[in-house]
Amino acid sequence: MKILKFSLLSKLKHKDFIVTSFRNNIINSIKNNNTNNNGLLKFSNNKYNFLNNNNNNNNNNVNKINNVYYINNNFKNVMENKIKPSSIQFFSSLSNKYNLNSFTTTKPQPCQAKPPSSKQQQQQQQQQQQQQQQQQQQQSKKKTSKDRLRDILKKTVITPQEFLNVLQRFAKNYKKTIASILAAIALIIYSYETPDSYFGSMMNVIVRFYRAMKCATKIMINYKILSYTPEKSSEYLEKSKICHQESADLILDLCLTNGGLYIKAGQYIASLNHILPIQYTKTLSVLQDQAPWRDFYEVESVFLKDLGNAPNHYFSDFDRLPIAAASLAQVHRAITKEGEEVAVKVQYVDLQRNFDGDIFTHNVLLTLVNMAFPDFEFNWMAEEMKNVLIKELDFSQEADNAERAAQDLSSNNNAYIPKVFRPYSSKRILTTEFIHGCKINNVQAIRSMGLSEKTVSQRFMEIMCEQIFIHAFVHVDPHAGNVLVRQHPNHPNQPQIVLLDHGLYREYDEEFRLNFCNLYKNLVLCNNKKVEKYSKALGVQNWKLFSTMILMRNFEGSSVGLSNSISSEELEKLLSGAIERLKDINLLMKAMPRHLLLILRNNNLLRSINMELGSPVNRFSIMARYAAKGLNSNSSKNSGIIRLVKSVEEKVSLEVMLKGYELYYYFVNRILSILIRLHIINPEKLIKDQMKKLG
């Protein structure tokens, strides 16, 4: 097919005339004539050429025509009336000659450019996003803090239109929304009215956990803020006192609100008056016997579940109001049918139900403390606390402990254990003999009975040392609320110590008892080699740090082991060393055998009570004598004259040494008191404090 000459167009006289596209006709012609019509019509910028090409693929030809077809937008005035009849006849004859079908003059449709590919779109979007980010960064650099705050508020504040949209959505689904609210309210009421149910227990755990987390968060924030104040500055002391008091108030409120195991933890914190600031010990001391008490209907429910009848079935008189409320139970005064006055200890009805949740909360709190203060790592305490409390929640176990302790101390007239009434006792109810007396730390009440606090402290120390060093069956929770003082029934001018609450005891084997006796005796005598030997025998490798924890003084630098006071230099060295070696202390406590932890607890409580009584006795000398007595009691069992003679020799030498130390410190204290009276030494308060340091 020959190329048509463009001279045909010159015959058209109109300047703006454009030949209308033959696109459809050409496509049909090519489809009908695969071999004859070998031309391809191309239009470009008001020019069209017929190219001679071999067309073997119809689809390719169609695509080529679609791609090359183009009409310039500058020529939009192609009208059918602008074409002369002669021109129409010419093109129609041309169409017939080359089988181009009918010729129609229609208004041309504009062709659309090929849309960009997906990759190109992604690249364009990425470029736009990068440009937007760069613009935002440039704008944010120019913005002030007020502008940023204003932008945040604009994003967070709900506009009126958004509020209307929320109301509209609520109006559409108001039935479902109201039903959900009513269901939630009903679930809360059901949980409150039925605390023993599954939902009630879960709701109680969640609420108690929330209170504990809230309290812990506030305390950690307070101490974090305090840490930014220089310790040597004048304002640090004032801020620290305020921080201690606020934290103690928060803990007290948490313990009173949650009750149960939280009060138990608060009691232990209150006993650490030789370690913690006075704000803690003074604030939390009310938890020892002034915990919140429960309503009488809870007491009746426990009686009905455990014994089968109400209290009035077993007692002729039963006080509805408790005389004391402790961490795990409250005590009521009652009179049996036989006329005996008894104390009825009733466990809180929800204590066992909340036990697992409180232990879980305890674990979380220790984890948070470890995260906020990395030097503290006491997560291992949770499992030990759980094992101890499981035994303490069983009052039948407490009754067994009380009867065994009474048998061990039967030869000691200065100690008394109340008698247990088994018919009126169960796992959650314990009925014992009622004792009239005062708390051991109530100095005024002790003096009003005509007794001496020095004698009271000495009797108490001797009783506890007898349990530790001789019987190896130890009351490990002897805080002031569990120890009463009364006039001796046979000797009214002498005190008698009454031990209460025997739920937490620890029994030690004979090997441990002998090793601990040797350890304490050599601690007092400052025999380093033997202290190291018996510390390792007890399972403690770091014997120096262990000795410091027992004596609460720098053992390595102590010149005399019997001093009941501690110098300011020793105290400062002890505290600074404890702070620097806090991680070592944590590691030691973590690796220490668990039975030693309870001994340390007992030791701290003895120190605490001695301090509250004014440190009238030297507890080191008392404990050293009973340690030697415990060793002698073992040697007397063995048949051997040489062993007996050697033990007597050791006892005499120890007694001579103890008497010498006691006389030395007696004269030192007398001289100091005379200097104070003569006003030769002015800082009287400082001297007295040094004499009472660490009991």
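Residue numbering: from 1, along the chain as shown.
The backbone N, Cα and C atoms fix where each Cβ goes, glycine too.
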From Lys305, Lys345, the one annotated by Swiss-Prot with Ile323, Ala324, Ala325, Ala326, Ser327, Leu328, Ala329, Gln330, Val331 for ATP: Lys345
Asp477 (active site, proton acceptor) and Val331 (ATP binding site), Cα-Cα, nearest whole angstrom: 18
All-chain count of other Cβ atoms within 10 Å of Asp477 (active site, proton acceptor): 25
Asp477 (active site, proton acceptor) and Ser327 (ATP binding site), Cα-Cα, nearest whole angstrom: 12
Which listed residue (Ile323, Ala325, Ala329, Val331) has most other Cβ within 10 Å, given these are binding-site residues: Ala329
Model confidence over the coiled coil (118-150), averaged pLDDT: 66
Integer Cα-Cα distance in angstrom, Ile323 (ATP binding site) to Asp477 (active site, proton acceptor): 21
Separation of alpha carbons, Asp477 (active site, proton acceptor) and Ala329 (ATP binding site) (Å): 15
